[in-house]
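**Student:** Here it is, the structure in full.
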Amino acid sequence: MDDKEILLANPRGFCAGVERAIEIVEQALARFGAPIYVRHEVVHNKFVVDGLRAKGAIFVEELDEVPTGQTVIFSAHGVPQAVRSEAERRGLRVFDATCPLVTKVHLEVARMREQGREIVMIGHKGHPEVEGTMGQVGDGIHLVEVVQDVANIEVADPQQLAYVTQTTLSVDDAATLVAALRARFPAIVGPKKDDICYATQNRQDAVKFMAPRVDVVFVVGSRNSSNSNRLREVAELLGVPAYLVDNAEGIEPIWLEDKKRVGVTAGASAPEVLVDAVVERLKELGASSVRTLEGVPERVTFPLPRELQTPD
């Protein structure tokens, strides 16, 4: 048995927006009973979604799958305005689990468009957060995913241009794209503060701190989790083999051959119980000690919708 050491990234796992979104579903189930409909996976984590489904949540992709008169929850990623309008038209009871930091971007987009600006959204095509943000306005918004896309944007007036970003991007990739936009459109304006959220930034920074100290990195998170995929990429860009695993069963023993120090982190939608199970699995595979690295403390919390708050 080799004597491996596990290093735990700090911070890792749940962020305030994810905790709030899960709590909204759980409180709605407690108040109103099953079924509670949720448009899209409330957060991108299989374990969390399966757990809520077992409690009576029904996950749908479109509102026409929600029967009239029922309760629907919008996922943490946010929704286009058309979805809100449809829910209102149909008289559905709505609880909005959109992360407040995503809502902030929605408000920025609406304000920029009202000012007569066209908008460039930096993000991943097809991601629900991007669809929700771009769906805040009827027109005048362009998506860029890679630097090459910047050359292909056609705008009416380069003097009247603004940008926003998806909240879960790679911090470094986003900076590269912003630089490319500024080079082509010197007058482009952006939000006062970067749209990439505190949790995305902190978790990427924690991996940057951990990666030089380990021989392999495991990121606990689901394949469809944008921020979890970015954590894996951050480690790989620093030259460390990195694997995205949904749970302990996803670990292949061969990945640990000749590895003395094993780094573990978790995406913002992955619960600590999965990290604990990964640590136990690594102990079975030869790890004998666990150490949590120092990191930035997080004290952010977001309140629930008033109707779901429990009295103190």
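Just so you know, glycine gets a Cβ as well, placed from its N, Cα and C.
Found this in Swiss-Prot, in case it helps:
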{"type": "ACT_SITE", "residues": "Glu129", "note": "active site, proton donor"}
{"type": "BINDING", "residues": "Cys15, Cys99, Cys197", "note": "[4Fe-4S] cluster binding site"}
{"type": "BINDING", "residues": "His44, His77, His127, Thr167, Ser225, Ser226, Asn227, Ser269", "note": "(2E)-4-hydroxy-3-methylbut-2-enyl diphosphate binding site"}
{"type": "BINDING", "residues": "His44, His77, His127, Ser225, Ser226, Asn227, Ser269", "note": "isopentenyl diphosphate binding site"}
{"type": "BINDING", "residues": "His44, His77, His127, Ser225, Ser226, Asn227, Ser269", "note": "dimethylallyl diphosphate binding site"}
**Student:** With H, G and I counted as helix, E and B as strand and the rest as coil, say where DSSP puts Asn227 ((2E)-4-hydroxy-3-methylbut-2-enyl diphosphate binding site).
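**Tutor:** In three-state terms, Asn227 ((2E)-4-hydroxy-3-methylbut-2-enyl diphosphate binding site) counts as helix.
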**Student:** Return the count of C-beta atoms lying within 10 angstroms of the C-beta of Asn227 ((2E)-4-hydroxy-3-methylbut-2-enyl diphosphate binding site), excluding that atom itself.
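**Tutor:** Summing over all protein chains shown, Asn227 ((2E)-4-hydroxy-3-methylbut-2-enyl diphosphate binding site) has 26 other Cβ atoms within 10 Å.
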**Student:** Over all shown protein chains, what is the count of other CB atoms within 10 A of the CB belonging to Ser225 ((2E)-4-hydroxy-3-methylbut-2-enyl diphosphate binding site)?
**Tutor:** 25
**Student:** Using C-alpha atoms only, work out the spacing between Cys99 ([4Fe-4S] cluster binding site) and His77 ((2E)-4-hydroxy-3-methylbut-2-enyl diphosphate binding site) and round it to an integer in Å.
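**Tutor:** Between the Cα atoms of Cys99 ([4Fe-4S] cluster binding site) and His77 ((2E)-4-hydroxy-3-methylbut-2-enyl diphosphate binding site), the distance comes to 7 Å.
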**Student:** Would you please pick out, from the binding-site residues Thr167, Ser226, Ser269, the one with the fewest other Cβ atoms within 10 Å of its Cβ?
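**Tutor:** Ranked by other Cβ atoms within 10 Å, the binding-site residues Thr167, Ser226, Ser269 bottom out at Ser226.
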**Student:** Would you kindly give the Cα-Cα distance separating Cys15 ([4Fe-4S] cluster binding site) and Thr167 ((2E)-4-hydroxy-3-methylbut-2-enyl diphosphate binding site), rounded to the nearest Å?
**Tutor:** 12
**Student:** For Cys197 ([4Fe-4S] cluster binding site), just count the other CB atoms lying within 10 A of its CB, please.
**Tutor:** 26
**Student:** How far is it from Cys197 ([4Fe-4S] cluster binding site) to the residue listed as 'active site, proton donor', counting Cα to Cα, in Å?
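**Tutor:** One finds 13 Å between the Cα atoms of these residues.
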**Student:** With the isopentenyl diphosphate site defined by His44, His77, His127, Ser225, Ser226, Asn227, Ser269, which remaining residues of that chain have Cβ atoms positioned within 8 Å of the Cβ centroid?
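**Tutor:** Near the isopentenyl diphosphate site, the remaining chain residues are Val43, Glu129, Thr168, Asn224, Ser228, Gly267, Ala268.
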**Student:** Taking DSSP three-state, what's Glu129 (active site, proton donor) in: helix, strand or coil?
**Tutor:** helix
